[in-house]
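Here is the structure we will look at.
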Amino acid sequence: MGSTESPLLGQTTPNSVISTTLNDLSNWARLSSLWPLLYGTSCCFIEFASLIGSRFDFDRYGLVPRSSPRQADLIITAGTVTMKMAPSLVRLYEQMPGPKYVIAMGACTITGGMFSTDSYSTVRGVDKLIPVDVYLPGCPPKPEAIIDAIIKLRKKVAREIYEDRTKLQQGKRYFTQNHKFRVGSSLYTGNYDQKLLHKSPEPQSESTSEILSKTFESTSEIPSDFVKYENSVSFQESRNEEYFVKSNEQEINFQKFHWKC
C-alpha cells in the first residue's frame, strides 16, 4: 500500500517556510509601501514630478503620493521654507501617523540656499522645524538622486528596531506648536494723558507779512535768489494775483519776480 505523503513534501517545505520576527515583518511592510506627502514650495518639486513618468517609474518602490497627511508616512520637503510656511509644515508633520519620515530635498531646504545670506524670512534648514532622516543636496537634485535617497531610506527602515523607534517618539526631536502659555505682567494699553491730546497749540508771535516786512525793511527790492515753494494749490490759484508788502517808504510788487522752487 502506497504512502499517503506527498512525494514533493520534502522538497517544498524548506523553501516555503520563512523564519522571521514581527519587527522585521513590520519593517518589510513599511519599506515596501512608503506613501509620500508632497510638500513642494519651489523649483525642486519639478524634478520630483518627473519621477511619476514612465522613464523612472517610482511606483516600483511602492510609492503612492497622498494629498492628506493622515494617509502619509513620508513627507518630502522640496524648495524654500519661509517663516510664514513653517507653522503649516510643522502642523502637517504632527498630523502624520507614526512612524513617519522626512526627506529634505534641495539646497534651499537643507541650508536655505542662496536665500540664507540676506533674507529675513527664510528658514535656514528645515531640520530646525522637523527631524530629517535623509538629506538630498542639489540645486535641484536629479531624479536619479531622488531614487537613491528613497533606497537609502528603505535601508534605514529595514534596520529599525521597535524599541528604538519608541524612544525617538518620546523625545523632543522637533519644534512643536503645543506651547504652554504663562501669565505675564500687565502691558501698556495706550491710555495716553488727555491733557496732551487736547493741548492747544502755542500762538504764533508774528505773522508772515510782518516777518517779510522786517526782513526787507532796509532794502528797496527783493533779492533775486528769493524762492517760494510752489507745489501747493493756493499757488496755482493765486499766481496771477499781486502781492504787496508795505515797507516804510514804498510798496513792493511781488508779481514781477519769478517764483521758483
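Cβ coordinates are placed from backbone N, Cα and C, and glycine is handled just like the others.
Cβ neighbours of Cys43 ([4Fe-4S] cluster binding site) (same chain, under 8 Å, six or more residues apart in sequence): Gly79, Pro140. The feature [4Fe-4S] cluster binding site is assigned by Swiss-Prot to Cys43, Cys44, Cys108, Cys139, with sequence analysis given as support.
Taking Cβ-Cβ distances under 8 Å and a sequence separation of 6 or more, the neighbours of Cys44 ([4Fe-4S] cluster binding site) in its chain are Ala78, Gly79, Met105, Gly106, Cys108, Thr109, Gly138, Cys139, Pro140, Pro141. Cys139 ([4Fe-4S] cluster binding site) counts 11 other C-beta atoms within 10 Å of its own C-beta, drawing on all protein chains shown. Cys108 ([4Fe-4S] cluster binding site) falls within a helix when secondary structure is assigned with DSSP.
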